[in-house]
Each structure stands twice: as structure tokens, then as C-alpha cells.
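*Asks:* Starting off with a structure, shown below.
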């Protein structure tokens with residue numbers, strides 16, 4: 001029998017937020033949970049279906065695969081028998097949402113030592129650093145495994161003992177009306193073990209505050225918004241649990257000359273009136289140094305020139321962007337009398353030939369003249 005759409009199972013739209021998905025799961029899990037429906041196989045099947053949908057849609061990678069490929073994208077063992085994750089323990093994910101309720105007859109229940117928290121480091125780079133790549137040394141404040149007790153939390157030469165209240169289960173059960181309520185053990189706080197002689201350095205926590213230095217290779221071509229994941233470089237886990245990850249969030253500072261758009265770079269290059277009219281060669285900046293750019297005669301201000309391969313190498317492929325140079329004609333300033341006289345002489349030579357030498361300007365003023373004639377007619 002084919003599986004139902006996971007969004008349909010939870011009764012949410014495909015654009016539902018994680019909070020909406022969690023809320024829908026909580027409502028349905030309460031409805032179909034085996035402790036509320038003892039012996040009801042249909043309710044048990046519905047609970048498993050709801051749980052499976054929740055597990056997929058709250059995992060970013062699995063959700064992306066499901067959205068693109070459907071059930072085939074998240075089947076862990078195509079044809080391997082059993083649904084996603086098998087029958088599983090009803091307590092595994094249900095406990096994540098509901099905490100300590102509905103303990104019932106579920107096995108175990110001991111709280112596992114928590115994985116270390118992920119860390120985020122905001123790294124600001126210059127455009128040159130981002131384009132060329134480099135190795136950066138980062139100082140990261142974190143929680144590291146205690147080197148005296150090796151993360152156990154117990155004094156050297158001793159070890160944790162089984163909690164006498166919950167007998168190592170980490171949870172105790174209480175009867176409330178129709179339900180058996182399972183709560184974290186108040187003695188060991190859900191760990192199942194007691195540290196009678198805590199480590200003198202970490203005071204029984206198993207972790208200590210530390211600033212560590214990491215040498216991180218930043219690949220060429222990174223841009224603002226890119227994120228680099230360093231597996232296992234986050235905070236140490238509790239009592240030997242796996243560490244979290246470190247995420248380096250990249251921000252590239254604005255540049256005085258260049259503006260980046262993807263793999264392309266843009267810049268404005270000022271040119272003189274005479275260079276624009278007569279043509280010639282100018283030097284333009286690139287991230288690899290100056291290069292020569294040929295300017296054709298009669299170049300208008302705002303014209304864009306493309307220098308292929310002078311942009312940014314993509315961080316995700318071998319493609320290299322271009323440098324686009326916009327020439328901007330600069331009006332001469334601080335002229336002496338001789339220079340002004342020459343310009344007046346030049347202006348006089350254009351009298352009566354404006355259509356020939358300035359066709360756009362002439363056309364514009366003809367249009368303005370016609371506009372006012374039509375307005376007054």
C-alpha cells in the first residue's frame with residue numbers, strides 16, 4: 001500500500017513552518033498515542049505514521065529530499081523491508097515534544113547525555129580575501145571536555161554510581177488518573193547516575209570553559225551568506241557525548257572600487273572628455289593588478305566594457321566571472337583662461353552642426369520643442 005503524503009498526514013500545508021508542524025504533530029500524537037488507545041491497532045498504526053511524518057519534516061535535509069523526490073528521497077533502504085525507521089520506540093521522538101508525560105510501560109527512558117551545542121562564528125573578510133581564499137586563525141570561546149576527569153565529571157580515580165532512586169533508569173513513574181506519568185528523576189536529573197566525588201576542576205560538569213584556536217581554510221570565491229561547517233568543533237558533549245559543530249558565517253566588507261554581483265565584479269572608471277572623443281587606452285584596476293583597456297573614439301559616458309575572466313572564481317565550480325567597467329566622462333574643472341578659450345573656440349566650430357556632432361542632444365531638444373508646441377495648440 002502506498003504511503004500518504006507526509007504533509008497530508010499532519011494536516012499542514014507544504015509551506016508550513018517548523019512550529020506549525022510541531023504543533024500538528026503534538027495534537028495528533030496525543031490523539032493516537034498507544035497509552036490513550038490500549039489494544040487499538042489502527043491508532044497504533046496512525047501514531048507510527050504521524051511520528052514518521054514528523055521525523056522527516058523537522059529534519060532540514062530529509063525534508064528537502066522529500067520535497068524534491070517524495071518518499072523515494074527519504075527511504076533509507078529501498079526494498080529493505082519495514083517503513084522509515086522501523087517500529088521504533090514510541091518514547092524516542094514523543095519525549096522530545098512532550099517532555100516527561102505518557103511514560104507508561106515504555107522501556108528504558110534514561111536521558112542520554114546531550115550532544116554538544118553547535119557554535120556560530122561571524123567572520124568578516126575583505127573582498128580580496130574572499131576572492132583569493134586564505135587560511136584564518138580563529139579564537140573560539142567554547143565548552144571543552146575536562147582534561148582532568150576526561151569528561152566524566154567524577155574525581156580522578158572514581159566513577160559515577162547508579163542512582164538509587166530510579167535504579168539507573170533516569171526516570172520515575174507516577175499514576176495520575178487514567179495515565180501513567182513518567183518524569184525525570186529528581187535525584188539524578190534524568191542521568192541515571194550520581195557523581196558522589198565530583199572533579200575539582202569541572203565540579204562534576206565534565207566540561208570547562210576554554211578558548212581554542214583553530215586554523216580554518218577559507219576557500220576562494222566565498223561570498224556574504226556562505227557558511228562553512230567544521231564538524232566536531234562545537235561545544236563538547238555532556239559526559240563523553242559527541243561534540244557539536246562549528247559554523248563559520250561569512251560576511252564580505254564593501255570595497256572602495258569594486259561591487260560584487262555573484263561571480264562578476266563592477267567598477268566605474270573616469271575618463272577625460274578628450275579621451276572619450278578621440279579614443280585611446282586607459283588603465284583599469286583588477287584584483288590581479290592594472291590592465292589596459294582600449295577606448296574607441298566617440299565613446300559615450302556610461303558605456304560598459306567587459307573584461308572576461310577578470311571577475312571571481314566560483315566557490316562551487318570552475319567558472320570564473322567577468323569584470324564590467326563602466327566609463328564615466330569627467331567634466332574638466334579648474335581650467336585656466338587659455339583652456340577656456342580653446343573650449344570656446346571648439347564650441348564655435350560646432351555652431352550649426354549640432355545634429356552631426358550631438359545627435360542625441362539635438363533629438364532631445366527637438367522633442368521638448370514639439371511637446372510645448374502641442375501643449376499650446
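Each Cβ is built from the backbone N, Cα and C atoms, and glycine gets one as well.
The shown structure was predicted, so the numbers you read here are calculated from the model rather than taken from an experiment.
Annotation comment: Swiss-Prot describes 146, 149, 199, 202 as Zn(2+) 1 binding site, evidence class sequence analysis. Here Swiss-Prot flags 163, 166, 185, 188 as Zn(2+) 2 binding site, drawing on sequence analysis. Feature annotation from Swiss-Prot assigns domain 'J' to 5-70. Residues or ranges marked as repeat 'CXXCXGXG motif' in Swiss-Prot: 146-153, 163-170, 185-192, 199-206. Annotation comment: Swiss-Prot describes 133-211 as zinc finger.
Locate each feature and note its surroundings.
*Replies:* Classification of residue 149 (Zn(2+) 1 binding site) by DSSP places it in coil, neither helical nor stranded.
Listed in sequence order, 172, 185, 187, 188, 192 are the same-chain residues at least 6 apart in sequence whose CB falls under 8 Å from the CB of residue 166 (Zn(2+) 2 binding site).
Confidence over the domain 'J' (5-70), given as mean pLDDT on the 0 to 100 scale, stands at 86.
When Cβ-Cβ distances below 8 Å are used as the criterion, the repeat 'CXXCXGXG motif' (146-153) is approached by residues 159-160, 195, 198-202, 204-208, 236, 239-240 of the same chain, each at least six residues removed from its ends.
The helix, strand and coil residue counts that DSSP assigns across the repeat 'CXXCXGXG motif' (185-192) are 0 helix, 0 strand, 8 coil.
Listed as Cβ neighbours of the repeat 'CXXCXGXG motif' (199-206) (distance under 8 Å, sequence separation of 6 or more from its ends, same chain) are residues 145-149, 151-156, 236, 238-240.
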*Asks:* So, by DSSP, how many helix, strand and coil residues make up the domain 'J' (5-70)?
*Replies:* 48 helix, 0 strand, 18 coil
*Asks:* What is the separation, in Å, between the Cα atoms of residue 199 (Zn(2+) 1 binding site) and residue 163 (Zn(2+) 2 binding site)?
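*Replies:* If we compare the Cα positions of residue 199 (Zn(2+) 1 binding site) and residue 163 (Zn(2+) 2 binding site), the gap is 18 Å.
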*Asks:* Measuring Cα to Cα, tell me the gap between residue 163 (Zn(2+) 2 binding site) and residue 202 (Zn(2+) 1 binding site) in whole angstrom.
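*Replies:* Counting only the Cα atoms, the answer is 21 Å.
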*Asks:* Give me the non-local Cβ neighbours of residue 146 (Zn(2+) 1 binding site): same chain, 6+ apart in sequence, Cβ-Cβ under 8 Å, ordered along the sequence.
*Replies:* 153, 199, 201, 202, 205, 206, 207, 208
*Asks:* List the residues in the vicinity of the Zn(2+) 1 site, defined as same-chain residues other than 146, 149, 199, 202 with C-beta within 8 angstroms of the site's C-beta centre.
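*Replies:* Surrounding the site, in chain order, are 147, 148, 150, 151, 152, 153, 154, 198, 200, 201, 203, 204, 205, 206, 207, 208.
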*Asks:* For the recorded Zn(2+) 2 site formed by 163, 166, 185, 188, name the remaining residues of the chain with Cβ within 8 Å of the site's Cβ center, in chain order.
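*Replies:* Surrounding the site, in chain order, are 164, 165, 167, 168, 169, 170, 171, 172, 186, 187, 189, 190, 191, 192, 193, 194.
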*Asks:* Have a look at the binding-site residues (149, 163) and report the one with the fewest Cβ neighbours inside 10 Å.
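*Replies:* With the binding-site residues 149, 163, fewest surrounding Cβ atoms within 10 Å: 163.
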